[in-house]
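Read the structure below first, then the notes.
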């Protein structure tokens, strides 16, 4: 049930095109506008037309009344003015005096003039019927306005179906006694036909306008929504933490969308910088945590290994010391032997503790390399001479070629310690021909110093672990034969502090340890 609701929600949340929405709004607006125009045209155009006709005929009537009051209506100038008024307002007019005689008429239809005179007579003689017959013309009238100054009505001539708006009234002559009767008629065009034609024309114009307008709206909306689409794509990439996409505006003109695009570019850069900083801080934090865990692990391992390595010599020292105290052996020779064992074990403990302290300082970075230039050949020769007694005790032959002086860069004291550890390791593990060979190979701006000893090779499964603290390949080796298990760890720490290569190579007849130093 939840899956169905989720899928329905996804369909509802489907993204709609802004371009489609803008186009739909504009097209709907045009349809509503044309619809309102059509409705107004059907229901209000006729009323508006009649109202305008009424206003025009009243305005013409007032001009005629004013002209009569100003001068002689029988003059040529008056007649000319009346004709201009009739042409201007498109009206027919008859003026009679008070004795029912026609003074003047202005009309393009003589037959209509007779009808107008009959209408004037009807106006002047109310006893006449409301229906006037003049050469088959039956005029039906409907009052629109009846006042003291004039009467306004709508007339229909059944003979031809024509509609008119009539206005009549009186205007006093200059003598103040007699008066003139003014009758003005304005023909109304067939408003129904006009509305029908207008609506049909509007329909044609509306369809054409709607088609053209729709195309223009689609084109314009595409141009308007193009930058919005760009912003949408950029925001979608930003959501994926991809800040490479940028908003670009090729024109000099800028609107609110362009400003928004620039702000998004700045926001993208700010977010990218912030995320990079957070990632770097996170990496640094992880590194610190890993370092702390590594230090804790090293401390635990150090304490465990030290306690293990010191347990045997302490037990020996304690046992022999107790034997001396209790006088187990009274002869001088045994007492001397006990003392030598105690001194030997104490010396071994002292050496191991010193090595552990050295290794600890190197691994924790408390002791930096003091780089200097020195002759590696001279150093090797001096060390071989100093360790000559140890080689004789082990019946080992030490080989070293005749080399010219080779100057290298490094910490001389630490390099000698590396050589010493390699040499001690070779002494402890040499067998077979009992040969130790020290070689120098100068190549590509570096010197490789190697210490080879005959004997057994290091098993492949153990070769990756020989640089670890307290690791011994042969767990069965005696304490007298084996080392403390720290020497190669010291080599690793020293060479990594100087950022130089080191390693081990197995041969069929022995093992070779090496390290490299730069000559430039």
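Just so it is clear, glycine is given a Cβ too, placed from its N, Cα and C backbone atoms.
Matching 201-220, 221-240, 241-260, 261-280 against TrEMBL, the residues noted as transmembrane segment span 201-220. Counting residues of the domain 'HAMP' (222-276) by DSSP class, helix then strand then coil, yields 39 helix, 0 strand, 16 coil. Same-chain residues lying 6+ beyond the ends of the transmembrane segment (22-45) with a Cβ under 8 Å from its Cβ atoms: 191, 194-195, 198-199, 202-203, 206, 209-210, 213-214, 217-218, 221, 224-225.
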